[in-house]
Ligand code: HEA
Ligand code: HEA
Ligand code: CUA
Ligand SMILES: [Cu+2]
C-alpha cells in the first residue's frame with residue numbers, strides 16, 4: 001500500500017516517567033493482579049472466620065509486638081521511597097544512589113522482623129484452618145517483600161555500575177511505585193490479622 | 001419386580017410421552033410437577049427466542065438489496081430504523097428475563113420454603129452407597145437401612161443430607177430436584193410422592209470411580225403398608241432357622257464381614273458398609289447395581305471389586321463350603 | 001535494514017531466543033491446536049465408551065482421567081490460550097505497532113504454558129492423569145480421597161497456565177493502552193482489540209482466585225494445611241466459591257475474544273462498519289463486569305441460602321442483555337450490508353445459530369429450581385458445548401480461515417472450507433443436541449457407563465455418531481491447512497479487502513510489522529484511506545524502537561526502545577518449571593528452586609550492551 005508521511009516523531013524523548021512509560025503500566029497491571037490475589041485470600045479469611053463459631057480457632061489473636069514494629073518500619077519506609085522517586089525524577093544520581101542504598105537495607109530489617117513474626121503467631125499452619133490462612137496471608141506478603149527487595153538490589157547495583165542512562169531513572173521510579181504497593185497492601189492485612197480478632 | 005421399569009425413548013419427538021423411571025419430565029410428586037412445569041415454560045421461551053433470532057438472521061441474509069457503492073456510505077433512515085429495531089429487541093429481552101426471573105423466584109419460594117414432615121430421615125452419602133437412617137425421638141425406634149428409602153404416599157418426608165467422605169448429590173428426578181450431601185454440612189429436602197411406586201434416583205455429584213453406580217430407590221407405599229414395613233425393619237435380624245443358615249451366620253461372624261457391617265441382633269455392629277439386618281428385603285444390591293438374586297449375591301460377596309471396581313469392600317476368600325451357607329444366611333435376612 | 005534490526009536470527013539459537021510476537025504467537029496457536037487435538041481424541045474415546053450401555057472399552061479409572069484431561073485441556077490448555085495466542089499475534093498488528101509490550105515476558109509465558117501442558121500430558125501417559133474433573137472439587141481431590149500425585153500435577157498445571165495467562169494479559173493491556181498507532185483514539189480501536197482488552201482485564205481479576213485456590217489445595221495435600229478440611233475449621237465450599245469466582249469469568253474469557261473475531265468477520269464480509277459500535281463496546285464491558293457476579297449459579301445444589309441464590313439467578317439472566325445486544329447488532333450489520341459468503345462468514349453464521357441455542361439453555365440453567373433438575377446432567381454438558389463450541393470454536397474456525405492468509409501468505413481452500421463448515425455444523429449439532437434430552441431423561445454427567453434399562457442408549461449412540469462426523473470435520477481442516485500451506489493461492493496483503501490495520505502490511509508481515517507506523521484517521525482506516533496510508537516517520541532504523549502514545553487520545557508521546565532476542569526467558573521458564581514440579585515432591589523445592597530462578601531473572605534484566613539496553 002502506498003504511504004503518505006504526515007507526522008514526524010523523531011523529536012520525541014526516548015523515556016519518560018510515570019504513566020507515560022509502558023513499564024509503569026506493566027507495574028500497575030501486576031499490582032492489580034497481585035492486589036486481587038490479596039483481596040481473595042483476605043476474603044477466604046473472612047469467610048472462614050464467619051463460618052466458625054469461634055475465631056481465631058484455639059489460639060489467642062497473634063501478638064502485636066513484632067508485627068507492629070514491622071508496620072511502623074514499613075510505613076516509615078514510604079519516606080525514603082518517596083525521596084528516591086523524587087531524586088529519580090530529577091535524575092539526581094547522587095541522591096538516587098543514597099536513597100537506593102537505604103531502600104536496599106530497609107527490606108533486610110523488615111525480613112528479620114518477619115522472621116521473628118512467624119514463630120510469634122503461636123499457631124502452626126498445620127494445626128487448623130486458622131493457622132493455615134494466617135500463614136498463607138503472611139507468606140503471600142513476604143513473597144512480595146522478597147521479590148521487590150531483590151528488584152531493588154539489582155537496580156541499586158545498576159546505579160553504581162556503568163549502566164546509568166535516562167531510562168534507568170524511570171525504572172527506579174517504577175520500582176519505588178511498586179514498593180508503595182507492598183506498603184499499601186500490608187495495611188489491610190495487618191488490620192485483618194492483628195486487629196480484627198481483637199475488636200470482634 | 002420393578003413396577004415402573006424404564007421404557008426407552010427412542011425419538012426426541014417421543015419426549016412428551018417419555019416415561020423413563022428416572023426422568024425429570026415424568027413427575028410423580030408435587031415438587032417434580034412444579035419443576036416439570038418450569039422446565040416446559042422455560043423451554044418454550046427458549047425455543048421461541050431461538051426461532052425468532054434464526055428467522056431474523058435468515059431475513060437479513062435473504063433480503064434483496066441494491067448495490068451500495070462504498071462500504072463507508074450510510075443510509076441515515078435505515079440506520080435509524082435499525083436502531084429502533086435493536087432497541088426494541090433489547091427491551092423485549094429485558095421484559096422476558098424479568099418475567100422468567102419472577103416466575104423462577106416464585107417457584108423457588110413455593111418449593112423450598114418449608115422442610116416439614118412427620119418422618120425424618122438422615123441420609124448419609126458414602127463412596128458409593130447410601131446410608132438411610134430413620135430418626136425418631138424414641139431411640140428404640142431408630143433404625144438404619146441402605147440404598148432404599150421407603151416413604152408413605154402423599155405426605156412430605158424430611159430428609160437430612162450428610163456425607164461421610166466426599167460430596168454426593170441426592171436426586172430422584174421424578175420426585176424432586178437435587179441437593180448436595182457435603183461433608184461437614186447438613187442440607188435439608190422434602191420428599192413426597194403422589195402414587196405408590198418405585199422411583200429411581202442417582203448420585204449426581206462426581207464422587208469417584210463408582211459415581212456411575214451410586215443409585216437408590218424410593219419406594220412409596222400407602223400409609224399402612226409403610227407402617228408395616230417400618231415395624232419389620234425395626235426388628236432385629238431374623239435368627240438363622242436352618243442348619244445351613246446357622247453355619248452361614250458362623251461364617252459371617254468369623255470372617256472380616258463383621259468389621260464393616262451391622263446385622264442387628266448379632267455381634268456384627270460395624271458401620272463402614274451398609275446395614276445388612278434386612279438385606280433380603282431390598283430389591284437391589286450394591287447401590288442399585290444388580291438385582292438381588294442369589295447369583296449376584298454370590299458374585300458380590302466373593303469379588304465385590306470385580307463386580308464394582310473401586311468399591312470399598314474387599315474380595316473375600318471363601319471356600320465353596322463356606323459360601324453356600326453364607327448365601328443362605330444372607331438370603332434369610334428378610 | 002529495518003528487517004535486520006527487528007529480525008530473528010535463523011537457526012536453533014534464533015528460534016530459542018525469539019521475542020517477535022508473530023513467532024511466539026504462531027507457536028502459541030499451533031500448540032493450542034495440538035492440545036485441542038489431544039483433548040478431542042480423549043473425547044472421541046469417551047464417546048466410543050458411552051455409545052452403548054455397559055460397554056467395556058475403558059474402565060472407570062481411565063474414563064475419569066479421560067474426562068478430566070478433556071475438560072482441563074480444553075479449558076486451560078486450548079480455549080483460553082488459543083484466544084491469547086490470537087491476541088499475541090494480532091493485537092500489535094491491529095493497533096499498528098512493531099512488537100507486543102514486554103516481548104521477553106511474552107516468550108517466557110509461552111514456554112511456561114508449554115511446559116505446564118506437556119507436564120500434565122506426560123503424567124497422563126504415565127497413568128498419573130488427573131481424575132477428579134476439571135473443577136476438582138474437594139474433598140474428593142483432597143489428601144485423603146486422592147492419594148498419589150495425580151491431583152498435585154493437576155493443581156501445579158493450573159499454576160503454570162495461570163502464570164502464563166496473567167503475563168499475557170498484562171502485555172495485551174499495555175500494548176493496547178500505550179502502543180496504539182497515532183490517531184487511534186478509543187473510539188477507533190477495532191472491536192477485536194476491544195474484546196481482547198476487556199478479556200485481559202477479566203483475566204487480571206479472575207485468575208488470581210484460582211491461583212490462590214490451587215495453592216491452597218497443594219498446601220492441603222503437601223504440607224498439611226486445613227483450608228478445606230471441615231474437621232479443623234476449613235470448608236469444602238470454600239473451594240467451590242474460589243474456583244467458580246474464577247470459573248465463571250473464565251467462560252467469558254473464552255467467549256469475548258471470539259466475539260471480536262465475529263465482529264471482524266461480520267464487518268469485512270458485510271462490507272460495512274459495525275452497527276452501533278459504542279453499544280458493542282459497552283456490551284463487552286458489561287459482560288465482563290457482570291461475569292464477576294454470577295459464580296454461585298454453579299452451586300445452586302449445594303444448599304446456599306435461598307434469597308442469595310435467587311440474586312444470582314437475576315444477575316445470570318441479565319447477561320442475556322449484552323449478549324443479545326451483540327447478536328442483534330451483528331444481524332443488523334448483515335442486514336444492511338452486502339454479505340460475501342466466504343467460509344469465515346459461514347462459520348460465523350453457524351456461530352449465531354448455535355450460540356443462541358446455548359445461550360437460551362444458559363438462561364434455563366440460571367433458574368434455581370430448574371437447575372436442581374438439570375445440574376450435573378447431560379443437559380449442562382449440552383449447554384456448555386453449545387456455548388463453548390458454538391460460541392467460541394466456530395468463531396475461532398472462522399478466524400482461522402480469515403487470518404490464515406495473513407499468518408502464512410496463502411489462502412485456505414474455500415471449496416474444502418465450505419465442506420468443512422457444513423460437516424462441522426451437522427456433526428456438532430448431532431453430537432450435542434441429543435444431550436439436552438438425555439439430561440432431562442435423568443442421565444448424570446461423569447458416569448463411565450449406564451445400565452441398558454435406563455433407555456439412554458439410542459440417543460447416546462446418535463451423539464457418538466455426531467461426534468464422529470465432527471471429528472471428520474477437524475480432519476478436513478487439518479488437510480486443508482497442510483495442503484494450502486504447500487500450494488494455496490498466494491494471498492497478497494489484503495485478500496478480503498478488509499478495513500483494519502493488520503491488512504496494511506505484507507502477508508506474512510515483515511519482522512518490523514510496518515515499515516512506517518500508520519496514522520489512523522478512521523475506525524476502518526483502510527477503507528477510509530484508499531489511495532495512500534498516512535504514516536509517521538522518525539523512528540530509528542538501526543535500533544528497535546516503538547512509538548508510545550497516550551492512553552486515550554493516542555497522541556505520540558515517547559520513543560521507547562524494545563527488547564532484543566534473549567535466551568533468558570527460556571532458561572527462566574525451564575528453571576521455573578523445575579521448581580514447580582519439584583514442589584510436588586518436596587515443599588523445599590520452592591526455596592532451592594527459587595534461587596536459580598532469581599538468578600536467571602537477574603541475567604534476563606541485566607544490560608548486555610545492546611543499544612536497546614540504554
Ligand atoms: C463460552 C462459554 C460460556 C458462555 C458464553 C456461557 C453463557 C451462559 N451460561 Fe454457561 N456454562 C459454561 C460456559 C458458558 N456459559 C460452562 C463451561 C459451564 C459448565 C461448567 C461445568 O460445570 O463443567 C456452564 C454452566 C452454566 C451454569 C451452571 C449449570 C449447572 O452446573 O447446573 C449456568 C447457570 O446459570 C449457566 C448460565 C449461563 C448463562 C445465563 C449464560 C449467558 O451468558 C447466555 C447469554 C446469551 C443468550 C441468552 C443468547 C443471546 C441473547 C438473545 C438472543 C437475547 C434474547 C434472549 C432472551 C430473551 C433469553 N452456565
Ligand atoms: C472448549 C472446550 C471444549 C470442547 C471444544 C469440547 C469438545 C468436545 N467434547 Fe467436551 N467438555 C468440555 C469442554 C470442551 N469439550 C468440558 C469443560 C467438559 C467437562 C469436563 C468435566 O466434567 O470435568 C467436557 C465434557 C465432555 C463430555 C462429558 C463427559 C462426562 O461428563 O462424562 C463429553 C461427552 O460426550 C464431551 C464430548 C466432547 C466432544 C465429542 C467434543 C468434540 O467437539 C471434540 C472435537 C475435536 C476433535 C475430534 C479433535 C480432532 C482431532 C484431530 C483433527 C486430530 C487428528 C489427528 C490424528 C488422528 C493423529 N465433553
Ligand atoms: Cu456419590 Cu456420585
Ligand atoms: Cu457460569
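Backbone N, Cα and C define each Cβ position, glycine as well.
Please treat TrEMBL annotations as automatic predictions, because they have not gone through curation.
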- [ ] Among C:228-250, C:274-296, find the range that TrEMBL records as transmembrane segment.
- [x] C:274-296
- [ ] Give the range, chosen from C:251-269, C:498-516, that TrEMBL lists as transmembrane segment.
- [x] C:251-269
TODO: Take a look at C:28-46, C:66-91, C:157-179 and tell me which one has the most Cβ pairs under 8 Å to the transmembrane segment (C:112-137).
DONE: C:66-91
Open item on the list: With Cβ-Cβ distances below 8 Å as the criterion, list the same-chain residues six or more beyond the ends of the transmembrane segment (C:591-607) that contact it, or say none.
Closed with: 104, 566, 568-569, 571-572, 575-576, 578-580, 582-583, 613-614
Open item on the list: Within the same chain, where does the transmembrane segment (C:157-179) have neighbours whose Cβ lies under 8 angstroms from its own Cβ atoms, ignoring anything closer than 6 residues to its ends? I mean 6 or more beyond.
Closed with: 72, 76-77, 80-81, 84, 87-88, 91-92, 95, 97, 100-102, 105-106, 108-110, 112-113, 115-117, 119-120, 130, 189, 193, 196-197, 199-201, 203-204, 207-208, 210-211, 214-215, 546-549, 551, 576-577, 580
Task: Recorded stretch that, among C:274-296, C:378-404, C:416-441, has the most CB pairs under 8 Å to the transmembrane segment (C:66-91) - done: C:378-404
Task: Folded-back contacts onto the transmembrane segment (C:416-441), same chain, C-beta under 8 angstroms, at least six residues removed - done: 47, 342-343, 346-347, 350, 354, 361, 373-374, 377-382, 385-386, 389-390, 394, 397, 401, 454-456, 459-460, 462-474, 476-477, 479-480, 483
Open item on the list: Below 8 Å between Cβ atoms, which of the listed ranges C:28-46, C:274-296, C:378-404 makes the most pairs with the transmembrane segment (C:461-482)?
Closed with: C:28-46
- [ ] For the transmembrane segment (C:378-404), find every same-chain residue at least 6 residues outside the stretch whose CB is under 8 Å from a CB in it, and list them.
- [x] 74, 79, 82-83, 86, 89-90, 251, 254-255, 258-259, 261-262, 264-265, 268, 342-348, 350-351, 353-355, 357-359, 361-362, 364-365, 410-412, 417, 420-421, 424, 428, 431-433, 435-436, 438-440, 443-445, 477, 481, 484, 496, 502
